[in-house]
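Colleague: Please find one structure pasted underneath; my questions will follow.
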Amino acid sequence: MSDTVVSLASSQAPDAVRQDIRHDWTLAEIQAIHDMPLLDLVHRAGTVHRAHNDPADIQRAALLSIKTGGCPEDCAYCPQSAHHKGANLPRERLMPVDAVLKEAAAAKANGAHRFCMGAAWRKPKDGPEFDAVLEMVRGVRGLGMEACVTLGMLTQSQAQRLAEAGLTSYNHNLDTGPEFYGDIISTRTYDDRLQTLEHVRQAGIGVCCGGIVGMGERVRDRAEMLLVLANHAPHPESVPINALVAVEGTPLEDRPPIDPLDLVRMCATARIVMPKARVRLSAGRKSLTREAQILCFLAGANSIFYGERLLTTANNEADADAELLRDIGVPVPEVTLAAAE
């Protein structure tokens, strides 16, 4: 590690920070930032965060699995993979449009700004199901919410049709760094993922792209993932930081939980190298204490998934999230999901 890099990372003046949107990071720089003393790292990330964002603006996003299970990919962390029979996840068809929009309306009433829809596909096929997804996107936008979908790999024409339907953002995570990637997934290449992100960007849709920590990767692998994201121009509009939820029946079922401070470091490093991105504290947040979550917010996280499930895994209860956000000074409407039904 370079002491010079650490010194520069911790001493740069706030005025310079405001101008410092970079796409030429090196792996050594990112790893040095990640490995700074924790208090210095959180302070540095908080300085960058406040230079570019309103610290009281924490976006709430709801996430719904609109088509569950039976995915042909072999992602080692995912219970929706058809390869992982031991996960015992029922395979379900695509939800009806009206049922999805009812969920979106309830999420909006409960304070969500963005509604995200996930389908367990390798790639969507043109036809009735893709047309239904387009209708869902139009419906969510009609409710006055941001709309995000994650459907797997896209063609350029599919990305363009989603853009025309009003899609705000497309989620397609890198999951990890390119060197470790092959240990987790064999059915889709890293370049496949990057190609879909390029299609999304060319269509004018916002990019939502992040990864997972706690799968057995090294700190270097985490830094490599952030390097790929930070050197894309422009930066992703949002960067989900997930902690592995080890699900029984998947190849990673026995992975131990990560140290919550690892999530703090990832949020802080992502904030420093991508100053204006939404850093989204995502899967695995349920295992964090209130204090650990607040530390992530201080380190630059400014978005959470709001609701009791994230696709197929448990999330914090909406009431608990509302109480937490109010306690740190974030306005949340006094409405519950039950009241919205």
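For all residues, glycine too, the Cβ spot is worked out from N, Cα and C.
Residues or ranges marked as domain 'Radical SAM core' by Swiss-Prot on the basis of sequence analysis: 56-285. Residues annotated as [4Fe-4S] cluster binding site in Swiss-Prot, with sequence analysis given as evidence: CYS71, CYS75, CYS78. Marked as [2Fe-2S] cluster binding site by Swiss-Prot: CYS116, CYS148, CYS208, ARG280.
Each of these features: where is it, how hidden is it, and who are its neighbours?
Modeller: Across all of the domain 'Radical SAM core' (56-285), the predicted model scores a mean pLDDT of 94.
For CYS75 ([4Fe-4S] cluster binding site), the Cβ neighbour count at a 10 Å cut-off comes to 23, with all displayed protein chains included.
Take the CB of CYS116 ([2Fe-2S] cluster binding site) and look out to 10 A: across all protein chains shown you find 31 other CB atoms.
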Colleague: Hey, how far is CYS148 ([2Fe-2S] cluster binding site) from CYS71 ([4Fe-4S] cluster binding site), Cα to Cα, in Å?
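Modeller: The separation of the Cα atoms works out to 20 Å.
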Colleague: Taking DSSP as the reference, which of helix, strand or coil describes CYS208 ([2Fe-2S] cluster binding site)?
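Modeller: The residue in question, CYS208 ([2Fe-2S] cluster binding site), is strand (DSSP, three-state).
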Colleague: Report the residues of the chain - excluding CYS116, CYS148, CYS208, ARG280 - with C-beta within 8 Å of the mean position of the site's C-beta atoms, for the recorded [2Fe-2S] cluster site, in sequence order.
Modeller: ALA61, LEU63, ARG114, THR150, SER169, ASN171, SER238, PRO240
Colleague: Cβ atoms within 10 Å, counted per site: which of CYS71, CYS148, CYS208 has the most, among these binding-site residues?
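Modeller: In terms of Cβ crowding, the pick is CYS208.
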Colleague: Provide the three-state secondary structure of CYS71 ([4Fe-4S] cluster binding site) computed with DSSP.
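Modeller: Reduced to three states, the DSSP call for CYS71 ([4Fe-4S] cluster binding site) is strand.
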